[in-house]
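First the structure, in the form of structure tokens, and then the observations on it.
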Amino acid sequence: MDDYLKIEKIGEGTYGVVYKGRNKTTGQVVAMKKIRLESEEEGVPSTAVREISLLKELQHPNVVRLLDVLMQESKLYLVFEFLSMDLKKYLDSIPSGQFMDPMLVKSYLYQILEGILFCHCRRVLHRDLKPQNLLIDNKGVIKLADFGLARAFGVPVRVYTHEVVTLWYRAPEVLLGASRYSTPVDVWSIGTIFAELATKKPLFHGDSEIDQLFRIFRTLGTPNNEVWPDVESLPDYKNTFPKWKSGNLASTVKNLDKNGIDLLTKMLIYDPPKRISARQAMTHPYFDDLDKSTLPASNLKI
């Protein structure tokens, strides 16, 4: 900890307070996340430290870099590269009646997919993607933050400040209690974020797990074993769910063209193995007119 100077508190993350800091030797400005763990007495579980140390290997232009893992008494500090703006703040700053430039929506979505594909190829899931942990700089670059923390520390029901963790971006298989899930959970989250980039409004903004499910069902239809094999045997599926018919995504997400709606539809397929993968999504015609050579990861092969 002696290498870093805390400058100011900049926010409250899922796991604890986030500070802006500076490396005393190099002068690099950093974000320092203090991880508050449930069982303070026992100190930091070694499994969590191992998990987190692996994340230092995730180096990609669209993934926020974990620079250092520090222990101080029973507290764990994660030191990340610093970016001052997140996607939620940016969307909130767009004046009423105005929307994000469609080319920027496309560029951001493509970069998010690049970052997620890089991590998925290394068998790391995010599990908790949302606009608050997508960070942006002033050069049009977007980066995914908090990768792998869900696996190391679990996804709490409430933030340590007792604020409820948002369900808006959570995949239906997770909401329905599936014990095993994989990379498609992140693709679902990115789909809901894609819609929000276009409209500035969350696509499914439920205030409880059942409300969240019903908002999804009202738009996409209530799933059954026909459209999603074995969904009816998931722990939290009830045969008493109202049977909504599939609606029309295009009427809900008005600012996307035909290709955009087609890609969004494929990202929001109920059956996880049928849901488009990040790699497949990147070759979708929606991105045909995007100049990928200007993107930060353009020279990388995944």
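Even glycines carry a Cβ here, placed using N, Cα and C.
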According to Swiss-Prot, Ile10, Gly11, Glu12, Gly13, Thr14, Tyr15, Gly16, Val17, Val18 bind ATP; identify which of Lys24, Lys33 is listed for that same site. Lys33
Whole-number answer please: how many Å between the C-alpha atoms of Thr14 (ATP binding site) and Asp128 (active site, proton acceptor)? 10
For the recorded ATP site, enumerate neighbouring residues of the same chain (Cβ within 8 Å of the Cβ centroid of Ile10, Gly11, Glu12, Gly13, Thr14, Tyr15, Gly16, Val17, Val18, Lys33, site residues themselves excluded), in sequence order. Lys34
Report the member of Glu12, Asp128 (the recorded positions) whose C-beta atom has the most other C-beta atoms within 10 angstroms. Asp128
The record names Ile10, Gly11, Glu12, Gly13, Thr14, Tyr15, Gly16, Val17, Val18, Lys33 as the residues that bind ATP; what is their largest Cα to Cα distance in Å? 14
Residue, out of the binding-site residues Ile10, Val18, whose Cβ gathers the largest set of other Cβ atoms within 10 Å: Val18
When you measure from the Cβ of Thr14 (ATP binding site), how many other Cβ atoms are you left with inside 10 Å? 24
